[in-house]
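Per Swiss-Prot, the feature N6,N6,N6-trimethyllysine maps to 5; the stated evidence is sequence analysis. Positions annotated as substrate binding site by Swiss-Prot, on the basis of sequence analysis: 114, 164, 168, 286, 318, 370. Per Swiss-Prot, the feature active site, proton acceptor maps to 166, 285; the stated evidence is sequence analysis. For 192, the entry in Swiss-Prot reads N6-carboxylysine, with the evidence type sequence analysis. Taken from Swiss-Prot, the feature Mg(2+) binding site covers 192, 194, 195, and the record attributes it to sequence analysis. According to Swiss-Prot, the site 'Transition state stabilizer' annotation covers 325, on the basis of sequence analysis.
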């Protein structure tokens, strides 16, 4: 007969390869697959590998013009998920050649771009990625990283303190600057634009940048400490975003900010390169992440979004609190906190880490804990996150009964007390309340803060459990 072997073949005949030995250069992915009834797991896993690499639904003539063996994704392992009847973890290996160098955008378009709407699957979740060293090396990564940031700020041996300025929408630039000044003057290291403060009618971006810079220079002069305010450069176009970043640099401020998921990885990587070239730190907010990562069976985990951010570039990223008002299961959160900060992270399924990841000295990212936290959480936060973190109290600073500056004082006193106690060998988990109470005896600001928030709890079970 003429022609080639046309027709529809099972994916597993080509894309399920249980004997495949993964290469050091492969990008490896772990997917949580929930097939439709009647679809065998091998076929579902192979379908994921095919549709996210070289495959399509039928054999095509042009397959003969290339080497599938060289370019195809391969499903090389399938394991059942404990306690879930029809759910599997499918491991897929992708050859490095499938990806454009230095493009997080292309990596995600390839791996998660198309396959999540696939009919043979009820649901699909990307649990983890192993980024090979060869691919990591094509990325600049964070603009500066943890060590350089500490050197720039001259702050060592403790977590950094921040505060999001509230009410997040509606303040004029002048009043916004007043709020920034009071917080920094009271003892915080940073204040922050909210993620949705961009350039609205009540406060245009340029006025805000000028007011905040004035506030931080005044606070810096009075305290002798280096201060920062995260100026949110996120905008409707990349050109506008860069214009804002350039103006921030002209003001001489130390740090700008970007919403990396709503702004997109392409814009984020552009900004990160500019920040490294011009000595600006880059704070990253993860607005929209829960749309993608909160469902247990579908979407992708935050650890994947966090890896993508470390490659694209950012010096800080919000990462949940474990104790406040927003999602964050302790082991899972600590798993991706290590993926952000450390150079080498061992596979550890108990923390949701499916692969050993070597970052080959790509700079680390400081995790930012924020959302419903206050002074009474300080011992737990210091214990959980350690020194390399930013603890951000929005309402937990500005909600102080005496105002912003006393709120900032209370937080700084609580933090210094916890760090000192830890350095003296005390157990923060057990003696935390006692440590805060002792400090409150000589700090009226802290005593007042403890009084206001002594009863507040955000007690709900976490959604994302292993």
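Heads up, the Cβ atoms here are built off N, Cα and C, so glycines get one too.
Of all the recorded positions listed here (5, 166, 192, 194, 195), 195 has the Cα closest to the Cα of residue 286 (substrate binding site). Residue 114 (substrate binding site) has a Cβ environment of 11 other Cβ atoms inside 10 Å. Here residue 195 (Mg(2+) binding site) is compared against the recorded positions 5, 168, 285, 318, 370, and the shortest C-alpha distance is to 285. Separation of the C-alpha atoms of residue 168 (substrate binding site) and residue 194 (Mg(2+) binding site): 6 Å, rounded to the nearest whole number. All chains included, 19 other C-beta atoms sit within 10 angstroms of the C-beta of residue 194 (Mg(2+) binding site). The residue listed as 'N6-carboxylysine' falls within a strand when secondary structure is assigned with DSSP. Across the recorded positions listed here (5, 168, 285, 318), the residue whose Cβ sits among the most other Cβ atoms within 10 Å is 285. Looking only at other Cβ atoms within 10 Å, the busiest spot among the recorded positions 166, 286 turns out to be 286. Checking each of the binding-site residues (114, 194, 318, 370) against residue 166 (active site, proton acceptor), the C-alpha distance stays within 10 Å for 194. Taking the centre of the Cβ atoms of 192, 194, 195 as the Mg(2+) site, the nearby residues of that chain (Cβ within 8 Å, site residues left out) are 164, 165, 168, 193, 196, 197, 230, 232, 257, 285.
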